[in-house]
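K.L.:
Per Swiss-Prot, the feature transmembrane segment maps to 90-110, 120-140, 213-233, 245-265, 276-296, 305-325, 328-348, 374-394, 408-428, 452-472, 492-512, 590-610 (among others); the stated evidence is sequence analysis.
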Amino acid sequence: MNMIIFNSAFLLIFIILLYPLISSLSPKELYPNWSSSHVKTAVKTSFFISLIPLFIYLDQGLESITTNWNWINIGPFDINMSFKFDMYSIIFTPVALYVTWSILEFALWYMHSDPNMNRFFKYLLLFLISMIILVTANNMFQLFIGWEGVGIMSFLLIGWWYSRADANTAALQAVIYNRVGDIGLILSMAWLAMNLNSWEIQQLFILSKDKDLTLPLLGLVLAAAGKSAQFGLHPWLPSAMEGPTPVSALLHSSTMVVAGIFLLIRLHPLMQDNQLILTTCLCLGALTTLFTAACALTQNDIKKIVAFSTSSQLGLMMVTIGLNQPQLAFLHICTHAFFKAMLFLCSGSIIHSLNDEQDIRKMGGLHKLLPFTSSSLTVGSLALTGMPFLSGFFSKDAIIESMNTSHLNAWALILTLIATSFTAIYSLRLIFFALMEYPRFPPLSPVNENNILVINPIKRLAYGSILAGLIITSNLPPMKTQIMTMTPLLKLSALLVTIIGLLLALELASLTNTQLKTTPTLSTHHFSNMLGYFPMVIHRLVPKTNLKWAQHISTHLIDLTWSEKIGPKSTLIQQTPLIKLSTQPQQGMIKTYLTLLFLTLTLAVLIIAI
C-alpha cells in the first residue's frame, strides 16, 4: 500500500507541474493573473505532495525503481522510461519545489512590470521540471533529456532581456560552455552503450565491475565541469548574472549548476574505486573553490559576488566527490540551495529598491531602511561562511573534517581551507559595504520592502537557511561510517579559518574606511578583479588570434593566389614571351628597316627575273 502511495505521489507531482504548461497551449490569451494562479499554485501544491514520499522514506526507508514503458528497442539494447525514487531524489525534490515556490512568489513582485511575465513563469516551470526529470531518471537517456532541458532553459532565461547585448552574449556563453560539457556526456554514453550494452543505471553498476571505466568517467567529469562551472569552464557563471534576479536565484540554488555535481553523485559507484578520477575531481574542485573565492574578493557587483560564491561552493562539492563522500556533497547541495536562493532574493530586493543599482560601493546604511532584507542577507552570508548552528555549518564542517582526516592530497586541503577563509572575507565585505555605515545612494531611491511578495519568500528561505542542516542531519543516518576520533585542532580547523577570515575582513574594512588616499592597484588585486585574466585570454586573445590567422590565410590564398598569381599574373607570364617575340624586331631602327627593305626588294626582283 505504501509503495502505491509512494509512486502515486510522484506521478501526481508531475501531472500538477505539467498542467499549467498544457493549459497554456490554449489559443486563448492567458489572463494577467495566470502566473500566480496556475504556476505558483502548482509548485506550492507539488511541494506539499512531495512531503508524503519523504515522510514514508523517513519512517520506513522505502525506495523504488519504477519502469513505466519501453521506449525504443535496438536489438538487445532497450531504452525504458524509468524513474528511480531513492534517497537523493526523495529529498532533493521537496527542496527544489520549496525553493522554487519562494522564488516564483518573489518574481511576482520583481517582474510585475514585464509584459511577458506569463511566459517567464512558464520558462521557470519548465526549468524546474527538467531538473526533476534529471534527478529522478534511472537511465542515461532520460537523464540526458533533463540535462539538455536545464541547458536550453538556462539559455532562454539568461537571455530573457534579449534587447540587451550583454544578456545575449551571456546566454551564448552559457550554452557554448555547456556544449563542451555535453560532448563529454555524449561520448561517455556512447562508450557505455558500446561496451556495456545498457544505459540503465542499476545495470551499469553491475556490468562495470570488471571494466576499466577511466575514459567514460573522464567524459562525465568534463560534463560536470561544464554544467557546474568548474575551473576552465567557469566564465559563464558570473556572466549569467545578466538574467533577471529570480533566474539567478533558481539557476544557482537548486537547478542547473548542481546538475553536474548530481550526475557524479548519481553515478558515484562507477568511480569510487578509480583513483585517477577521484584525484582529478579533488584537485579540480580545490582549484575551482580557491580561484573563484579569490575572484569574489574584489568584485563590486552584488550579484557577481554571490555568483562567485556559488562557483566556490560547487568546487567544494567537487572536492567532496573526490574524497569519496558523495552523501556529504548531496547534503551541501540541499543546505546550499536555501541560503543561496535567499542571498539572491535579498540582492534582488536591494537592487529593486535602489533603482537597479548593483554596485555595493553605492549602497550602505540599508540595515535601517531595509531591516528584514538586511537581516536575511546577514543570516545567509553567515550560513555561507559555515557559522555554527546555521544550515551551512552542518554540511561544510563535515566536508572539511572529512578532508582533514583523509590521506589523499594535502595541497587540496590547504587550498580548500584558504578558500573557506576567503568566503568569510567576501561575505563580511558584502555585509559591510551594502548594509552598514551611512547611505551612499541618491536620496530619491524608492526603498520599500513592505510587500508580502518580498517578505514571505525570504522568510521561508531564512527558515531553511537556519534549520535545514539540522533537520536533514537529524533524520538521515550517514551512509558511510563517520569519523570516530579527531584531535581538537582538526575538529575546529574549519571554524578557525572562518574566524581568521572574519577578523581579516574587519581589519581590511576599517583600513578602507579610514584611508585618506586611494590604494595603488596591486598586481594581485588586478588579477582578482580581472577574473584571473581568464575571460580576456579565452574570449579575446584566442578569437583574435584565430581571426588574425584566418585573415592571413584568406589574404594569401584568395587575394594573392587566386586574384593575382593564378589570375592576372599567370596570364601575363604566359603572354610575355609571345609579346617579346613579336615586338623584338620592331625597335624603331629606321636604317635597319630600310636595309632589310632593299634586300627584300632585290631578292624579289632577282626571283622574278629568274
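Placed from the backbone N, Cα and C atoms, the Cβ positions cover glycine too.
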K.L.:
Answer with yes or no whether the transmembrane segment (452-472) touches the transmembrane segment (245-265) by the criterion of at least three Cβ pairs under 8 A, sequence separation 6 or more.
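P.N.:
By the criterion, they do not touch.
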K.L.:
Looking only at the recorded stretches 90-110, 120-140, 213-233, 276-296, which one has the largest tally of CB-CB distances under 8 Å to the transmembrane segment (328-348)?
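P.N.:
Checked against 90-110, 120-140, 213-233, 276-296; highest Cβ contact count belongs to 90-110.
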K.L.:
Which residues of the chain, 6 or more past the ends of the transmembrane segment (492-512), have a CB below 8 A from one of its CBs?
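P.N.:
Contacts of the transmembrane segment (492-512) (Cβ under 8 Å, skipping residues fewer than 6 from its ends): 385-388, 396-397, 400-401, 404, 417-418, 420-429, 432.
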K.L.:
Hey, which bits of the same chain come close to the transmembrane segment (452-472), Cβ under 8 Å, at least six residues off its ends?
P.N.:
91, 95, 98-99, 101-103, 105-106, 108-109, 331, 334-335, 337-339, 341-342, 345-346, 349, 372-373, 376, 379-380, 383, 389-395
K.L.:
Which stretch from 120-140, 213-233, 276-296, 408-428 shares the most C-beta pairs under 8 Å with the transmembrane segment (90-110)?
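P.N.:
Per the Cβ under 8 Å count, 120-140.
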K.L.:
For the transmembrane segment (213-233) against the transmembrane segment (590-610), do we get 3 or more Cβ-Cβ pairs below 8 Å once near-sequence pairs (under 6 apart) are dropped?
P.N.:
no
K.L.:
How about the transmembrane segment (276-296) and the transmembrane segment (305-325): do they have 3 or more C-beta pairs under 8 A, pairs 6 or more apart in sequence?
P.N.:
yes
